[in-house]
Amino acid sequence: MGPYDASIPTGSGSCSSSSSSSCARKASDVDGLLAGAGYKVKSSDLLQVAKRLERLETFMVNTPSEISQQLASDTVHYNPTDLASWVDSLLSEFNHNYNQPHSFSSSVSDLSDFTADLHFSSVPDYWIEKNYTSPPHHPLTAVAAAATEEDSGIRLVHLLMTCAESVQRGDVSLAGSLIDYMQTLLSQVNRSSGIGKVAGYFIDALSRRLFYPQAVCAGSAFENEIWYHHFYEACPYLKFAHFTANQAILEAFDGHDCLHVIDFNLMYGLQWPALIQALALRPGGPPFLRITGIGPASPDGHDSLRGIGLKLAELARSVNVRFAFRGVAASRLDHVKPWMLKVGPAEVVAVNSIMQLHRLLSSEESLDTVLAWIRSLKPRIVTVVEQEANHNEPEFLDRFTESLYYYSTMFDSLEACTIQPEKTVAEMYIQREICNIVSCEGLARVERHEPLAKWKARLGAAGFWPLHLGSNAFKQANMLLTLFSAEGYCVEEKEGCLTIGWHSRPLIAASAWQAAPDPPPDPVPTPAPHVVVSS
Amino acid sequence: MAGGNEVNLNEAKTVVPLNTWILISNFKLAYNLLRRPDGTFNRHLAEFLDRKVPANAIPVDGVFSFDVVIDKATSLVSRVYCPVPVDEAQPGIVELERPLSTEVVPVIIFFHGGSFAHSSANSAIYDTLCRRFVGICDAVVVSVNYRRAPENRYPCAYDDGCAALKWVSSRPWLRSGKDCKVHMYLCGDSSGGNIVHNVAMRAVESDIVLLGIILLNPLFGGEGRTESETKLDGKYFVAVQDRDWYWRAFLPEGDDRNHPACNPFGPRGRSLEGLEFPKSLVVVAGLDLVQDWQLAYVEGLKKAGQDVKLLYLEQATIGFYLLPNNNYFYTVMDEIKQFVRSNCYLLKLQNSSNK
């Protein structure tokens, strides 16, 4: 009998005093108290986990501390919420290197060697720590209606909600008067920052919804391109998306030579030069890379997809990576058919979706169709980055409220950017999203953001298993943040996914997936035995 | 090295429930991997491993929370936890212009633990703890996300504490009671407890009134080695050399543990005699190796004629208040509730007798 006999109360509290059957029922549940601390451990596994922690401690006590720390820092950690597997991964690292104090570094296979050049020069870990003058210590989020704003700011928020509520009820005349009143109030508030700035965009979007519902929210192709590039430079959200996805793709492609990346929205191809460069530096030589870029057909007839492809090919040539590009023009992802992607039999496929899946949510069928054909390609990895927000609730007021807080936070983070004109022009990129969420409906409303939890459920149901993003991606995402002067950005790990946010409100979430193996075919049913009951 | 290479884990296992043992051991081992002998800290890995939770404006078990920026310049943020008022039509929208209520609602300014280096206000364990305080004390809790060592040494954490105190005291919407004031308490565990004392010291020199302070397993120390440090070294999750590392990371470089921030009643400390120091509740765990320093703190307060209540929990280890699975947890929560609400009762009496 170990030290944990039945008399010591366990986490569920009531187990020791209740009947054995209720104990059995609870055994397969996650320990509720540890869950409140952020850890998922099944009650039935508690003893096992405790034993493994003990074993880990024994290893650590018998290893010099410098080596323990080096091991910890070189190891890629995954999903600390799953405490059992985290402890196990450390155990296997220590076990592997136990009694081999001098060869530990060579035994840890880690992609950080060649991905370090992805965006920055590789510097030893301790150098970064020592030179932290103002480290990102992940402060918490500020809500739009925070106490730091003056009275008119708070009043504006209340009025916006009241106006949105009257819009939802169909009371056009009240909504209209409220909009007029808010415009006047706006003139008394500082419009260049904080609530004044955000309110302006939302008032504008509300008035569009009421009076110009047919108006299109996007700018011209030229404008969109300018806004995108400025947003890309002014804040880290897009770079985080590209960078994290690339890291995951690189890891998934490790050991393979015939690679095919399918990009769900090529845009200006900004994600790919870094990947191409990283592949060029791969030990053992670069593989063959094909990129298929999906994007809308250019209105003026000129093949913009091909143009980007040519630039990428040029870059690939300059670093000796064998490269091929194909553009697939489609106005919607559900118009794409798998045969258009021409996936070769020997190719290892990565599907990359940066803020595209939510656009399919105007019809459940569209998303199901696309997820099904993604799966049919048997991709090695599917990288998904989405806005971490609930902007697709059925009720307008809920969408409005959510997006008000979400974009307030995002504008807050932009405010901290000092580069001009990036900052002002970047706002147009955001304004376009606000406009779409608030003033559009039906198929026109494409910015149907949903939170990570919902995406996890959808992807799980469609036959995908999560691939965890680890501490290496986390660390490098943090290093990306050091390029941005603003203090409030933070990267967080959440059960194998990474989020980037401002003052701890996550705004963008990145996750990676693989197709679950096909279930085995149903066994051929055997005929029921002929039963004779004799009396 | 104390204890040699033999892992002496048997004592801890017999005094705490299994899930507590797992939680605290997990922290212990993870933290070992983060502290480097050269005094630096693996901040990236620390943030990766720390389990965090977002604020939630939707009430859960009668408590909702939101984050506020207190000082943009230092990125000082706090998480505010509010009880859902029984009579309010729209919970979740904080009426930032009106006082909380005509009944007294205590405001507890909370400083999380982590030996000055670990955890944040949005760490899951502390979010959970703060929510419990709201429910038990019917109070508003403001959890301060102070700057941590070794990147930010003394006095950053205290400066942040003072900034938070000033901020709380000047919020019209945190006022309550017929006297329409902000009724403030300080509370903290581990390094948070140390911050509580040091912020209270500064408050005494200002015109800010603190109704009371609560120190849970507060971190104090000194250059000498006390009996409890020697006897309990390495036995209940904590080793003396780890404690030393954290002091070296927090105190000014080159300074020693007799610095008054660490050792308020030591050779470099000062007497609090004659000062209007708030009444205090100090909780000491009987299996915490720094208890001699904590008891010396209580003695120091008593000698100076201050109102201090000591709650000594014989078989409690560090972190016992993190999970509600032991009697000490409930004892301490009851004491804290009494401590905080007794003022409310007194004020009520005062106010009704003033009519």
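Cβ coordinates are placed from backbone N, Cα and C, and glycine is handled just like the others.
No curator has checked TrEMBL annotations; they are predicted automatically.
Summarising the annotation, TrEMBL assigns compositional bias 'Low complexity' to A:11-22.
According to TrEMBL, the feature compositional bias 'Pro residues' maps to A:517-528.
Broken down with DSSP, the domain 'Transcriptional factor DELLA N-terminal' (A:31-97) shows 49 helix, 2 strand, 16 coil. The domain 'Transcriptional factor DELLA N-terminal' feature in TrEMBL is assigned to A:31-97.
Positions annotated as region 'Disordered' by TrEMBL: A:1-22 (among others).
The region 'VHIID' feature in TrEMBL is assigned to A:228-293. The residues of the region 'VHIID' (A:228-293), classed with DSSP into helix (H, G, I), strand (E, B) and coil, number 32 helix, 12 strand, 22 coil.
Beyond the ends of the region 'Leucine repeat II (LRII)' (A:307-339), by six or more residues, the same chain brings 264, 266, 268-269, 272-273, 276-277, 279-280, 286-297, 356, 359-360, 365-367, 369-370, 373, 376-377 to within a C-beta distance below 8 angstroms of the stretch. Marked as region 'Leucine repeat II (LRII)' by TrEMBL: A:307-339.
Taken from TrEMBL, the feature region 'SAW' covers A:439-514. Helix, strand and coil content of the region 'SAW' (A:439-514), in residues and according to DSSP, is 25 helix, 27 strand, 24 coil.
TrEMBL lists A:516-535 (among others) with the feature region 'Disordered'.
Within the same chain, residues 249, 253, 269, 271-272, 275, 279, 287-294, 341, 343-344, 347-352, 354, 377, 379 sit at least 6 positions outside the motif 'VHIID' (A:259-263) and bring their C-beta atoms closer than 8 Å to a C-beta of that stretch. What TrEMBL records for A:259-263 is motif 'VHIID'.
According to TrEMBL, the feature motif 'LXXLL motif' maps to A:357-361. Listed as Cβ neighbours of the motif 'LXXLL motif' (A:357-361) (distance under 8 Å, sequence separation of 6 or more from its ends, same chain) are residues 264, 332-334, 367, 370, 384, 386-387, 392, 446-450, 455.
As a summary of secondary structure, the motif 'LXXLL motif' (A:357-361) carries 5 helix, 0 strand, 0 coil according to DSSP.
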